[in-house]
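*Asks:* Handing you a structure now.
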């Protein structure tokens with residue numbers, strides 16, 4: 001078979017990409033999409049894991065798109081070898097939206113894959129515009145980019161409000177952009193009012209009591225981060241834990257099963273109007289937003305299919321905003337690795353009523369988008385490595401600070 005010679009990298013290209021897929025149709029489409037994108041450079045393609053490994057060792061790509069099911073050496077077998085051959089390379093699994101595809105994808109993420117893109121099943125790839133957008137977006141989000149460090153809220157000394165307009169480039173409080181109105185077929189849901197960020201260093205005092213709810217948001221790199229965090233929890237956690245992880249339907253159910261095996265807590269997909277139990281982990285099902293309501297008996301999960309927020313459903317912002325409303329600040333919000341800025345405005349609202357916000361650090365995040373947005377807005381009470389995040393949450397879950 002003729003080897004694909006790498007094309008010259010354009011000056012503004014941000015990443016060099018290798019595509020490994022045994023399907024000629026899928027491989028052809030993905031290589032064409034990468035070639036057409038000026039931010040990416042296609043350096044090669046391969047038909048199975050063995051050939052892909054040889055090319056990876058030779059070409060040293062920044063990013064690899066790796067199919068799951070292949071002859072000779074499948075994606076799961078090739079994954080650890082590729083990670084060893086090209087340290088620092090980010091691998092995106094290309095998997096189908098099936099139970100088998102979901103199982104393998106979650107396993108791959110736990111083994112070190114950075115993310116996944118859900119491709120249509122065979123015969124439907126010709127019109128796979130959503131797959132194209134998703135794949136290219138994730139490849140560019142995973143491309144190596146230096147991001148300067150930012151201070152945590154704890155590092156910021158109290159200061160009086162400025163008497164003059166802020167200098168150019170100074171942080172500006174942003175209001176929440178309301179989602180578009182729901183379609184006629186979707187149930188009407190309560191809108192959350194925008195909350196401006198209090199002046200830095202002069203916000204509502206932090207609530208250091210045991211949180212009534214622990215809320216976690218994550219996206220790219222989230223499954224592995226969640227696994228590490230949940231594994232750190234003891235069996236006697238007294239707060240319910242609610243999670244919004246950007247994932248499609250079916251995959252979130254499989255994720256819950258894997259998280260249950262990883263630690264001492266029971267993890268499950270949340271059900272509509274399900275009462276939250278202390279020490280249980282509830283994951284927003286794929287394609288549903290999850291918010292929290294409260295009555296005299298306790299807290300309940302509420303699911304809806306109102307339009308995506310921040311291009312996501314489930315989204316982190318509505319979850320955090322609802323937690324802020326029902327707990328009035330007696331809550332802990334955690335923003336883990338992920339691309340974009342989902343969770344920033346929810347963290348702003350939660351913090352404005354006295355809640356505590358933790359963000360994952362840049363060094364251990366697969367993509368420092370979501371936690372970086374929270375940190376850069378001055379909303380993080382603490383920025384922690386993934387290794388420190390679980391113990392940090394547990395400490396605060398017991399009423400520590």
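Note that Cβ sites are derived from N, Cα and C of the backbone, with glycine treated the same way.
As annotated in Swiss-Prot:
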ACT_SITE  219  active site
ACT_SITE  246  active site
ACT_SITE  342  active site
COMPBIAS  166-176  compositional bias 'Low complexity'
COMPBIAS  185-199  compositional bias 'Low complexity'
DOMAIN    16-134  domain 'Response regulatory'
DOMAIN    205-400  domain 'CheB-type methylesterase'
MOD_RES   67  4-aspartylphosphate
REGION    146-208  region 'Disordered'
*Asks:* Can you grab the distance from residue 342 (active site) over to residue 246 (active site)? Cα atoms, rounded to a whole Å.
*Replies:* 10
*Asks:* Would you mind splitting the domain 'Response regulatory' (16-134) into helix, strand and coil residue counts from DSSP?
*Replies:* 57 helix, 29 strand, 33 coil
*Asks:* Let's check the environment of residue 219 (active site): how many other CB atoms sit within 10 Å of its CB?
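*Replies:* Other Cβ atoms within 10 Å of residue 219 (active site): 30.
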*Asks:* Determine, to the nearest whole angstrom, how far the Cα atom of residue 246 (active site) is from the Cα atom of residue 219 (active site).
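*Replies:* Residue 246 (active site) and residue 219 (active site) have their Cα atoms 5 Å apart.
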*Asks:* How many Å separate the Cα atoms of residue 219 (active site) and residue 67 (4-aspartylphosphate)?
*Replies:* 21
*Asks:* Per-residue pLDDT averaged over the domain 'Response regulatory' (16-134) comes to what?
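*Replies:* Per the prediction, mean pLDDT sits at 92 for the domain 'Response regulatory' (16-134).
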*Asks:* For the residue listed as '4-aspartylphosphate', what residues in its own chain, 6 or more apart in sequence, show a Cβ-Cβ distance under 8 Å?
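*Replies:* Sequence-distant Cβ neighbours: 20, 21, 22, 23, 26, 75, 93, 94.
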*Asks:* Return one of helix, strand or coil for residue 246 (active site), based on DSSP.
*Replies:* coil
*Asks:* By the DSSP assignment reduced to helix, strand and coil, which category contains residue 219 (active site)?
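*Replies:* Its secondary structure by DSSP: coil.
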